[in-house]
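Trainee: Got a structure for you, written out below as structure tokens; questions coming shortly.
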Amino acid sequence: MVEESRPSWENPMQFVLACVSYAVGLGNVWRFPYLCQMHGGGGFLIPYLIMLVVEGLPLFYLELAIGQRMRQGSIGAWSAINPYMGGVGIASVVVSIFLAVYYNVINAWAFWYLFHSFQGTLPWAECPLSSNFTTYVPECEKSSSTDYFWYRETLNISSSIEDHGGIQMGQALCLVLSWMVVYLCVLRGTESTGKVVYFTATFPYLVMIIYLIRGVTLHGALNGLKYMFTPKLSDLADPKAWIDAATQILFSLGLGCGSLIAFASYNHHNNNFEKQAIVVSLINSATSIFASLVTFSIYGFKATFNYESCLDRTQLLLINTFDLAEDSIKNNNLDDWISHLNASFPDKFATISSQIEGCDLESELDTAVEGTGLAFIVYSEAIKNMGLSQLWSVLYFSMLLMLGIGSMLGNVAAIITPLRDSAFLTRHFRKETLIGMMCLFCCLVGLSFTTRSGNYWFTIFNDYAATFSLLFIVLIEIITVCYVYGLKKFEKDIEVMIGHRPHWYWKIIWSVISPVLIIGLFIFYIADYIMGGTPTYQAWDSNLGKTVTKEHPPFAQAVIGLLLVTSMMCVPLVALITFIKKKKEQARESKISTTAS
Amino acid sequence: MLSRVLLSLSLVPALALAVCQPDGQDAYKVRLSIKTALGANAYEWNESEQFLFRATLAFAMRKYTGQETFNVSSVIVCNETQRVSFWFVVTNPNDTATLIPKNAVEEAIRLSRNRINSAFLLSDKTLQFLGIPPTLAPPSQPSLPVWLIVFGVVMGIVTTGILALIISGFIQRKKKDIEDEDEEEKQERIMENGILCETLEGKEGVNNGAYSHDEDRLTQL
């Protein structure tokens, strides 16, 4: 009986698009622009590009080489490299499971917003009315209609992480749908994934181009772009900028999860992955920069809009209080009028002086937001003020969906490929059943993120599940390949596959620079965690209409610890188990040889 | 007599002015934002517009109370400003010294708010009666939320896709199983002692002359 050959990509283009689709994800859209803003605008590109060349590219190359050489998922690949190092593969799978469970919740939110875009007025454009139809709901008035839609109507968030609340039906339905879409894309294995990535990799670019054209033509967009591109080089002296650049490159390329190994394992033996690694990494970084162009023009628009609304409100307040003619105060002479009125009618002015908000464009631009806040609050606020907002909303949330699903396909591949490599499981379960059970399991666990406190748990997972552990995994990967497996052996493997040895540049980075860099990041993370004190989170206070900082209760801290430990423990645990097994085998063999002789 | 009449006549507007007090118990402040609402098509606020306002308000009172005795003269305006804001009171048509109480005026305005707004091409936001909250239009709630409909459509498509892929995979596997079985059977039939029958001529076997004893049965004489 001939063994079923390993499935493979129909053509190398599918592999490249799969990697692009996986690497280009929500982080490019909502994390990179934030980092740019925090670390001196255009100047941040310098540490970012340096880290790309020194850390991102070589590690990406390494993972693709391992996958293509070993032709197995992460567990099999690392066991093949060195039996003691099989734990690295298992750690990758554990991290991928955590990722898969919480990441798909973002797709659920994107679906929710997408479905709600098919209405006459977008539901987050206006505050709902209170029961007597005379005022708006107070929570909405205190915050804003977009905040209210996100915190109350989407999440129905509770006031703290201890307050569980029930499962929100709308969220749960959208989560189930997200998992069904993921299942649809991966259920036939690489064949179906290969066709889906044509769409998930290219559609976001189409939307981003359209948004860029619309974005730069918006009123006030140039303010945002100017803000982004004036480099404040003094910010580069802050080590945090370099550290953030390094971690951003690492996580943005999706290293350490095993997805790249899984994708590369379906490659033809002689596929030129070196060129592809360079291409995908460059595309990923270029997309980040492109996305921040779009984001900053939107920021500029929103900041200008808010600034001008603030000026209008101040104007209205002044002409109403002092009964001046309607068009007497304009934006450019507002300050003169204020000083004039203050001088001429000090008593009357004093009654309203508390209501006069200082309108400042800079401070509006300075409000840096990242993550779900950027994607679902800031963007939807900007969209509601654009003309034809339903169209822009549909486009934007479809793009978020494509980005999210593309990354999910990579995560799921990282879990499924090692499972399908296991002969035991393949014998007893059909491919579709195995994948279906995994999706069902992740979906059920993911339902806990749709409870009223779900968003707080989501933030815990987002901040802790994949950050520290991935650094650890990548460090062990590099050390294993360079020092345990041997750099010479690795070089030879690459020569067999692509026909030439890797340039000495790669070798220096793999053996020296990257490990040092990652150890440095490691130390920084540990120091930051120790000095940070009790971890805190942002809780939504419905009475105040804004977020307040609260400390994590002990059980949440325990979960954080568990997340970090479960994946990292796999490495020493498996090494220990293999060591014990080998010792037992050796003892048995020596007993047999002594009895035989 | 004439002087007394003249005196009382001159006292009337004075009385009227005395009746209309800003911050009075039954007075309302009105604020119009014509330029904001109409931009380039904004009209000038003058005496005639003021007249229209008083007439519209009298109409509102008539409609509310059902008494057709209210007139333009029942509505008294004072303290006009550049903003275009002013105070007004409504006097009782039967007794010009007393004022219609505040809530009655409020109800009357609420009833005919739309008509008053349209007379001036303004809206609740640009023609403000301070103290009377605008009646915000309740958003229309369709019987089934729109998002559920879109959700249902997408869910249906995805479910159909999954079922189609699973079933076609099942059918493919069945076909492959049958093909594999056929191949195995065919292989068994053609294999004879490890040698394929094509090398042996036909399936009937070959006559080996070395073992044929026909000529030797009868010995030669």
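Sequential numbering from 1, following the chain as shown.
Glycine is no exception: its Cβ is also placed from the backbone N, Cα and C atoms.
Predicted automatically and left uncurated, TrEMBL annotations should be read as such.
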Trainee: Among A:ASN223, A:ASN271, A:ASN272, A:ASN284, which is the one TrEMBL gives for the Na(+) site where A:ALA23, A:VAL24, A:ASN28, A:SER252, A:LEU403, A:SER407 also bind?
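Mentor: Matched candidate out of A:ASN223, A:ASN271, A:ASN272, A:ASN284, per TrEMBL for Na(+) with A:ALA23, A:VAL24, A:ASN28, A:SER252, A:LEU403, A:SER407: A:ASN284.
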Trainee: Counting Cβ neighbours within 10 Å across all chains shown, tell me which of the binding-site residues A:ASN28, A:SER252, A:SER407 comes out on top.
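Mentor: Counting Cβ neighbours within 10 Å, the top one is A:SER407.
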Trainee: Counting a contact as 3 or more Cβ pairs under 8 Å, with residues at least 6 apart in sequence, do the transmembrane segment (A:242-266) and the transmembrane segment (A:167-186) touch?
Mentor: no
Trainee: Could you check whether the transmembrane segment (A:167-186) packs against the transmembrane segment (A:83-105) - three or more CB pairs closer than 8 Å, residues at least 6 apart in sequence?
Mentor: yes
Trainee: What are the sequence-distant neighbours of A:ALA23 (Na(+) binding site), meaning same chain, six or more residues apart, C-beta distance under 8 angstroms?
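Mentor: Same-chain residues close to A:ALA23 (Na(+) binding site) (Cβ under 8 Å, separated by 6 or more) are A:SER252, A:LEU253, A:GLY254, A:VAL280, A:SER281, A:ILE283, A:ASN284, A:GLY410.
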Trainee: Go through the chain and flag residues at least 6 beyond the ends of the transmembrane segment (A:394-416) whose CB is under 8 A from any CB in it; none is fine as an answer.
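Mentor: Tertiary neighbours of the transmembrane segment (A:394-416) are 18, 21-26, 28-29, 73-74, 92-93, 96-97, 99-100, 103-104, 106-107, 110-111, 113-114, 117-118, 178, 181-182, 185-186, 193, 196-197, 199-201, 203-204, 207-208, 210-211, 254, 257-263, 375, 379, 383, 434-435, 438-439.
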Trainee: Taking the transmembrane segment (A:198-222) as the reference, which of A:12-32, A:44-62, A:83-105, A:464-487, A:555-580 gives the largest number of Cβ pairs under 8 angstroms?
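Mentor: Per the Cβ count, the answer is A:12-32.
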Trainee: Which residues of the same chain, at least 6 past either end of the transmembrane segment (A:44-62), have a Cβ under 8 Å from a Cβ in it?
Mentor: 35-36, 235-236, 241-242, 245-246, 248-250, 252-253, 255, 260, 273-274, 277-278, 280-281, 285, 288-289, 474, 477-478, 481, 502, 506, 509-510, 513-514, 517-518
Trainee: Which one, A:12-32, A:278-299, A:464-487, A:555-580, has the most C-beta pairs under 8 Å toward the transmembrane segment (A:83-105)?
Mentor: A:555-580
